[in-house]
Amino acid sequence: MLARKSIIPEEYVLARIAAENLRKPRIRDRPRKARFIAKNGACNLAHKNIREQGRFLQDIFTTLVDLKWRHTLVIFTMSFLCSWLLFAMMWWLVAFAHGDMDASIECAANSTKWTPCVTCVRSFTSAFLFSIEVQVTIGFGGRMMTEECPLAITVLILQNIVGLIINAVMLGCIFMKTAQAHRRAETLIFSRQAVIAVRNGKLCFMFRVGDLRKSMIISASVRIQVVRKTTTPEGEIIPIHQVDIPVDNPIESNNIFLVAPLIICHVIDKRSPLYDISAADLALQDLELIVVLEGVVETTGITTQARTSYIAEEILWGHRFVPIVTEEEGVYAVDYSKFGNTVKVAAPRCSARELDEKPSILIQTLQKSELSHQNSLRKRNSMRRNNSIRRSNSMRRTNSSLIVPKVQFITPEGSQSASET
């Protein structure tokens, strides 16, 4: 390294590097487009400047279910605590109005001197404890109702009704949050990348979907939408223009049997928004393909939905998914370690429109791939042949080096004898 630095002056090296950098065209990366649907299925959408906030209170149950867990638990705790405090104040007022706060009154319902509305309620603390006993139906037995006050009986009935309503709403909210449909969608997986390759003589857009659980998704269906920014002939700009594209499914009901990972295929034909897009144009397209998988959970009967999306950078042209389902000892085994693996295959780089207009392009592409495959096989065979010849030559050399030369022994009588050792 020191010798090389001494031969070429450092000033010349720096000047040459600077000149090379100036000659190279500087390509600025295109600003990354915001996704409409994230890879985990979440909608990348922010709601702003909503003036009518009261609409959320009209559907209070859905609002409680949509809240975060920490907010739901705080509301769950405060609803019970506030109801206990409210009725504790009412019991305290009933006892105070009836005169049950006198310390000389005995704590017994069958007392001949004085009959209280509620026995043993002489402070706000005791009224709060009695409110908890009434609403939660604990019943320790120290405090109890009497027939003395009709108002106390009314408060008892009112608290029971309010307590049942709070229990039904809050427990239903907790149950719905734990059994939400998107929880089941966590085990529905999609391949990280999609591919475009030739299948049955047509260019097809394909991706892989699978279910990690053994419990199946009943009546599962897949929908694909293309979301892109378009401009109408009148000059109107539509930032999120959704176009449905058909899915190639031999079943008329369009339902899939998701017992094992499947490759969902969309044939790029005249109805497809990808019909005029070639491999070179794909990187320049500002589009997003949204995939929606819907079905009914077999164990709970709840409809679930899993979503993902693919942008232009996540679509591989001229690739195909490797097979991952094999038969082992009479059982079909799925290797999820190869779920998203792809291999390169022969595919024309032109658009589907050009391929329909000139079918010879596909034949030429297949012929070129066959020739390249044969050439690679020939090279591989020649390399193997050369390696085998080299090995045989090396083995011959080693064997020749191990041959022991003949040695002649001379006996005293003058006769010679040859022997090999």
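Each Cβ is built from the backbone N, Cα and C atoms, and glycine gets one as well.
Each residue of the domain 'Potassium channel inwardly rectifying transmembrane' (37-180) gets a DSSP state, and the totals for helix, strand and coil are 84 helix, 4 strand, 56 coil. Residues or ranges marked as domain 'Potassium channel inwardly rectifying transmembrane' in TrEMBL: 37-180.
Residues or ranges marked as transmembrane segment in TrEMBL: 73-94 (among others). Outside the transmembrane segment (73-94), and at least 6 residues removed from its termini, the chain residues within Cβ reach (under 8 Å) are 64, 67, 117-118, 121, 123-124, 127-128, 130-132, 134-135, 149, 151-152, 155, 158-159, 162-163, 166, 170, 173-174.
Per TrEMBL, the feature transmembrane segment maps to 151-175 (among others). Under 8 Å from some Cβ of the transmembrane segment (151-175) lie the Cβ atoms of residues 61, 64-65, 72, 75-76, 79-80, 83, 87, 90-91, 94, 117-118, 131, 134-136, 145, all in the same chain and six or more residues away from its ends.
In this model, the domain 'Inward rectifier potassium channel C-terminal' (188-358) carries an average pLDDT of 86. Annotated domain 'Inward rectifier potassium channel C-terminal' per TrEMBL: 188-358, in sequence order.
Residues or ranges marked as region 'Disordered' in TrEMBL: 372-397.
The annotation compositional bias 'Low complexity' is assigned in TrEMBL to 384-397. Here the compositional bias 'Low complexity' (384-397) is broken down by DSSP into helix, strand and coil counts: 14 helix, 0 strand, 0 coil.
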